[in-house]
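Feature annotations, reproduced from TrEMBL:
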type	residues	note
SITE	Glu101	site 'May play a role in metal incorporation in vivo'
BINDING	His102, His104, Glu108, His146	Ni(2+) binding site
BINDING	His102, His104, Glu108, His146	Fe(2+) binding site
SITE	Asp107	site 'May play a role in transmitting local conformational changes'
SITE	Arg110	site 'Important to generate the dianion'
Amino acid sequence: MTLLTVWPDNDPGTVLLRTEDGAEIQSELKRLGVRFERWEVVDGLPPTPTSEEVLAAYRDNVDRVIEAEGYVLVDAMHMTPSDDQEWRENAAAARKKFLAEHTHDDDEDRFFARGSGVFYLHVGDRVYAVLCEAGDLLSVPANTTHWFDMGTRPDYVSVRFFHDDDGWVGNFTGSPIASLFPDYDTLAASRGVQRAQD
């Protein structure tokens, strides 16, 4: 289930909101101009699916988003854990790149077909962490300051939507803010603890 956590941007020890309620998450994000949707998850994707296999499995929803938002480039990527040293090095490098606070000149739309990751949105004087899971579509508007954490052992399949053929281009802020807030592994672990206490 999706998790939204909100903090003041100068106090990661103070949680202003923590919720797994889909309607509340959608309402909070809508105030920021962020679209959040839930799609039915398609079973049967192979462990390391091709972009074509993922797009075919979600064709109706993908086409609907393309039509509504005018995207010209759509692809799918996956990170599947491996004990191979090269994979670990590549995963660590990818994580480090996305963990740095940045903006895009384009919207950043991501659908999680499998697995999970956290988008951190730095809007005004707040940080909104959206732990997305399979079935979640999140649309981060252009020029929104944010970062993404896939965790220390990434395991996800996502569909990416772009308005131009350049694909992912980040404009990095140079701020160290991402290092101050709980990371993917911490949020995922705390959610498990919270559920056990409920």
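Every residue, even glycine, has its Cβ placed from backbone N, Cα and C.
Shown here: features listed in TrEMBL, placed on the structure.
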residue : record                                                              : Cβ within 10 Å
Glu101  : site 'May play a role in metal incorporation in vivo'               : 19
His102  : Ni(2+) binding site                                                 : 21
His104  : Ni(2+) binding site                                                 : 18
Asp107  : site 'May play a role in transmitting local conformational changes' : 20
Glu108  : Ni(2+) binding site                                                 : 21
Arg110  : site 'Important to generate the dianion'                            : 19
His146  : Ni(2+) binding site                                                 : 24
Quick check: in three-state DSSP terms, what is His104 (Ni(2+) binding site)?
coil
Quick one: pull the CA-CA distance for Arg110 (site 'Important to generate the dianion') versus His146 (Ni(2+) binding site), whole Å only.
14
Calculate the distance in Å between the alpha carbons (Cα) of Glu101 (site 'May play a role in metal incorporation in vivo') and Glu108 (Ni(2+) binding site), and round it to a whole number.
14
